[in-house]
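Down below is the structure, laid out as structure tokens.
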Amino acid sequence: MEKKTKKATKPSRNDSESTIWSFLTQKGTTASFICITLFAILVRIAVSIHPYSGAGTPPKYGDYEAQRHWMEITLNLPVREWYRNSTVNDLKYWGLDYPPLTAYQSYIHGLFLRYFDPQSVELYTSRGYESYIGKLLMRWTVLLSDVLIFFPAVIYFIIVYYSGIHEGSKSGRLWHFAMILLNPCLILIDHGHFQYNCISLGFTVAAVSAILSDRDIVGSILFSLALNHKQMSAYFAPAIFGYLFGKCLRRHNPFLEVLKLGLAVLGTFTVLWWPYLYSLEAPFEVLSRLAPFERGIYEDYVANFWCTTSVIVKWKRLFSTQALRILSLVSTVSTCLPSMVLLILAPSRRNFLFGLLSSALSFYFFSFQVHEKSILLPLLPASFLAIDEPLIFRWLTYFALLSMFPLLRRDELILPYVALYGLFVLLYNAPVQREDTRQTRSPFTTLKYFVIACSLLLHIVYFMITPPRRYPFLFEAVMMLLCFSQFFFIFMYTNMKQWELLKLSSQTVREKKNI
């Protein structure tokens, strides 16, 4: 029997890269998703062993203590007293300042803590409570919230996105799934600094997924849940309203469609706010806690318009709080309005995703009381677009990390910061067919590398050099200026893409009429 011989060929670079990446992608889809999910959980656990916000820093500690204190309050006081100042509920000491769904979440998590460690949620005497078991239990509440709400929502989004909007390869879907689940900013804030953004963002992801799959009523209910967990979810409200309203106008009975969505939202709000509808004053008592105007128009050094321009214009000195509130409202509405109108005129799914990013950036730039962690909201729709607009996603992630660097350094989270930064770079550069992998070298490449080099240099300078006594926050200000310039570039780009999609939609309509 004649033996057949094959000519040996040297594997190309692409082949070898594909072999490395195929370790995951050559398996079944379910197995691959499970592997990524388990790895994402492992990363979260690894980050959670590090310090948290305000660890060992009395008298008010930090966000960790705020979340624990809310569990203490909701467990030990009647629901009507949760937002009311009293001798046992001093609102100046981390009073509840989020909507009712956050309070209910705190109550459920408080039951969990009380079962295993009753001392951690005892009324008043547990203030500043810090112990190993307490930290472990608190970390578990975040991880469980993430796994039960955010993870399923992301899976839902991937299924919807690749069944109706984008036809991607299997490796592309897995890469996209990993990019959203392993977002370094969300992991560092929730599992390092300590918050529950995964809940409101998870409801938002689920709402967007439902709306993209034409389950508009379900999407409206889910987004109402997000709004009632964290009021910052309103960053997405103009885009969601514009897209749904644009869809309703194109249906047989627009008024009925709008009415159904309105009733779904009203019903959800009524259920969640029911304990506070016993009088006319009670809802306003809660609402007054959701708008902390006394904190000022921004906190610390955040890369938004007000803080960046305060280097030249001292907004807090020149204007009263009332004047800044009006100025902030007008600026926010005027900058997000064009995007919302474009969505009403051309309510396509792709336009919707760009609209979410544009709207979130508008609020981040101009709304009242913005802090560093608010960049998580624009990052979410950027991650939706990761496979089609990878450069925008990567760029926003890089500079979102830089903008949060001073905060994370104060929390002593430098090691997980560096580790997750490196992990993001490795995963992003996995051999997956994306838009940027087909691009050739352009005149902007040199500028791009220069900006990245500047951001890396700022990290080193922040560590190695002491700022002048006269300008103790000089390096934070430089970081803020650099990040704001990049965020603003992305904001302009998303608005430009929406205009292009409107023109494309108009051209398609004209062609159909001519047929």
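Each Cβ is built from the backbone N, Cα and C atoms, and glycine gets one as well.
Bear in mind that TrEMBL entries carry predicted annotations, made automatically and left uncurated.
Feature list (source: TrEMBL):
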type	residues	note
TRANSMEM	20-43	transmembrane segment
TRANSMEM	140-162	transmembrane segment
TRANSMEM	174-189	transmembrane segment
TRANSMEM	232-249	transmembrane segment
TRANSMEM	261-278	transmembrane segment
TRANSMEM	327-346	transmembrane segment
TRANSMEM	352-370	transmembrane segment
TRANSMEM	414-432	transmembrane segment
TRANSMEM	444-465	transmembrane segment
TRANSMEM	471-493	transmembrane segment
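In this chain, the transmembrane segment (471-493) does not touch the transmembrane segment (174-189); fewer than three CB pairs sit within less than 8 A of each other, excluding pairs fewer than 6 residues apart. Here the transmembrane segment (471-493) sits against the transmembrane segment (352-370); at least 3 CB pairs are under 8 Å, leaving out pairs fewer than 6 apart in sequence.
Sequence-remote contacts of a segment are chain residues at least 6 beyond its ends whose Cβ falls under 8 Å from one of its Cβ atoms, and for the transmembrane segment (140-162) they are 33, 37, 40-41, 44-45, 48, 105, 109, 112-113, 168, 173, 176-177, 180-181, 190-191, 194-196, 198-199, 201-203, 205-206, 208-210, 212-213, 384. Outside the transmembrane segment (414-432), and at least 6 residues removed from its termini, the chain residues within Cβ reach (under 8 Å) are 14, 17-18, 20-21, 43, 46-47, 50, 169, 171-172, 175, 178-179, 182, 184, 187-188, 192, 390, 394, 397, 401, 405, 408.
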